[in-house]
Amino acid sequence: IDATEGHDDEDQMYEGEYQGIPHPDEVKAAQRAARAKARQDQAGATELEELAEQYEDIMEDCGHGRFQWSLFIVLGLALMADGVECFVVGFVLPSAEKDMCLSNGEKGMLGLIVFLGMMVGAFIWGGMADKLGRRKCLIWALTINCVFAFLSSFAQGYGFFLFFRLISGIGIGGSVPIVYSYFSEFLQMDKRGEHLSWLCMFWMVGGIYASFTAWGIIPHYGWGFSMGTEFQFHSWRVFVLVCALPAITSLVGLMFMPESPRFLLENAKHDEAWMILKNVHDTNWRAKGQPEKVFQVTHIKAPKTQEDEFIEIQSATGTAMQRWAVRTLTLCKLDAKILYFNVVYCGPITLIPSYFSYYGLGVWFPDMIKYLQQEEYESKVKVFHRERVERFHFNFSLENQIHREGEYINDKFINIQMKSVKFEDSLFEDCYFEDIESTETIFENCTIRSTVFYNTDLYEERFIDCRLENTTFLHNKKGCHLDIDEENDVLIYLVSFLGSLAVLPGNIISALFMEKIGRVKIIGLSMLISAGCTFFLFLSFSQAAIIAWQCLFCGVSVAAWNGIEVITVELYPASKRATAFGVLNALCKLAAILGTSIFASFVGVTKVVPILLSCTALVCGGLVALKLPETREKILQ
């Protein structure tokens, strides 16, 4: 009989023993003993530091297994919902602008409102998660996101749609600061950097999901319904509903997940924390085939935070109002320190280079491609000069044409589409227009006599400096219409899909090397290489070249994002971790707003300014990143 039968692999003789290689358990025991000795030698160790040491020992005993992977999926879906939220408005805007008759200013506001909501949400939810709990606040945040995303899909007016997307953004804004803080507190030190990096991959999955579903749903204009002329539910609204599925799924999963035991310990809920840690331990070892392994922790330290100790000194004297003022002042000072550190250190690293460049170029890349397409389209324009058309029935669509000094006498334009058509200095006499749908079609300095426009979208605003004599407009089309051929260009979805997919190599590399070479080097090298990618955009003169450099930039820059998110989690104590992450993320969303606004203004004007701005910011950020403290072997405080 095999002597090892019925035993787990870990019970078998360690094959590296013959080579003098210590068993991983022996390495962990040695590390734990070294930490204990260092703690004894350090007479000034605080209770919080002792708790951090003990908590790390407990997480090592619990191991990494089924529980962490279950939580990984649930929190990953919440992070995926954040990624989807960043793409939703961009995909629906071409259809929504026609469906709701949006002006350029309204489109711009709708594009920015999501980031504004996410900025506010990150700031609010980060602070609340440190006061009320990670799980509870994440459930509330995702619930708000789901409810208002659902309402926005049915909103018919611009004002309601804008408001619902703002509140939806505030809800999902809490996902990033809470998710990373929450998950990190279930990870042991040697697993933290790698698995937080793997978690970042779900943001990429969100971009792919949004791109794929947009391409599969929005072009199908018939996937909707209407109730008269006042309520229209087109395919882009179906897409908005589908985009809420990751948040809904994560919300359901969170119902079966416990609160962070580290948060509970910080708030003196030791019995509840002990039960959760025991459940994590038993779940993992049961899945590994060792259900008999016993959770041996019987007592967990109960430290007092520094601000509570300070407040207790004041509690013996003074009135209740004075004690409240002391506590408020103390907490404000602590939050101010967090904000100061974010601005001085993390700000130049993430706020300017990462988010400013990523989102700025994220707008610039597709807009530049559209600009190149438009240039190519306009180069193929057909010009008709001094044509005379009499008693003719136009029953075919007109596209990309300019008609100058033409004469149209007793002609009929019935049931056709006009796309990018311009009539200049022309005469229309005794003509009849019926069932016309138009895009970018205008009449300039024309004379129109005894002509009828029936059931068309050729409003009087389309006639610039024209003389209208005995001209009638009957039953004009109300509202706006969707131009299916134009607005559902597959390139819109393809560019976003490729940009999201290109993040995969950067995610894999950063996850594999985060523990090997450290967070600081990952951040610095990634930013400097990203700067090189943006510089080579000077040599890009075609759509294919721009798409290729976009993919390379996205793939490299994501490693910096991962490193920044890991190091942010590790730099702050548990009592302020989500708050710090929330403040940082709010500043990053502000940078995204600035980046998208600034870069979009240079499309079609010059590519020198966006490239130099991005390149300079990334180089400066990469150099400053090297000054950050390395947290690779730092116990989570």
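Glycine too: its Cβ is placed from the backbone N, Cα and C atoms.
Keep in mind that what you see is a predicted model, and the values were worked out from it rather than measured.
What TrEMBL records for 71-632 is domain 'Major facilitator superfamily (MFS) profile'.
What TrEMBL records for 1-23 is region 'Disordered'.
Look at TrEMBL and you will find 69-96 (among others) tagged as transmembrane segment.
According to TrEMBL, the feature transmembrane segment maps to 108-125 (among others).
Per TrEMBL, the feature transmembrane segment maps to 137-155 (among others).
Among the features that TrEMBL reports, transmembrane segment is placed at 161-183 (among others). Same-chain residues lying 6 or more positions outside the transmembrane segment (161-183) and placing a CB less than 8 Å from one of its CB atoms are 71-72, 75, 78-79, 81-82, 85, 89, 96, 100, 109-110, 113-126, 128-129, 134-135, 137-138, 140-149, 151-152, 155, 195-196, 199, 247, 260, 565, 568-569, 577-578, 581-582, 584-586, 589.
The transmembrane segment annotation in TrEMBL covers 195-218 (among others). If one looks beyond the transmembrane segment (195-218) by at least 6 residues along the same chain, the residues whose Cβ comes under 8 Å of a Cβ in the stretch are 64, 68, 72, 75-77, 79-88, 91-92, 95, 179-180, 183-184, 187, 235-236, 238-239, 242-243, 246, 488, 490, 493-494, 496-497, 499-501, 503-504, 507, 510-511, 514, 558, 561-562, 565-566, 569.
Long-range neighbours of the transmembrane segment (238-257) within the same chain, counting only residues 6 or more positions beyond its ends whose Cβ lies under 8 Å from a Cβ of the stretch, are 70-71, 73-75, 77-78, 80-81, 84-85, 88, 91-92, 135, 138-139, 142-143, 145-146, 149-150, 152-153, 172, 206, 209-210, 213-214, 217-218, 223-224. The transmembrane segment feature in TrEMBL is assigned to 238-257 (among others).
The transmembrane segment feature in TrEMBL is assigned to 338-358 (among others).
Under the heading transmembrane segment, TrEMBL lists 491-513 (among others). Within its own chain, the transmembrane segment (491-513) has Cβ neighbours under 8 Å at 83, 87, 90-91, 94, 194-195, 197-198, 200-201, 203-204, 206-208, 210-212, 214-215, 362, 365-366, 369, 373, 522, 526, 547, 550-552, 554-559, 562-563, counting only residues six or more beyond its boundaries.
Away from its own ends, the transmembrane segment (520-541) comes close to residues 349, 353-354, 357, 361, 506, 510, 513-514, 549, 552-553, 556-560, 562-564, 567, 607-608, 611, 614-615, 618-619, 621-623, 625-626, 628-630 of its chain (Cβ-Cβ under 8 Å, at least six residues beyond either end). The transmembrane segment feature in TrEMBL is assigned to 520-541 (among others).
Residues annotated as transmembrane segment in TrEMBL: 547-569 (among others).
Per TrEMBL, the feature transmembrane segment maps to 581-602 (among others).
Annotated transmembrane segment per TrEMBL: 608-626 (among others), in sequence order.
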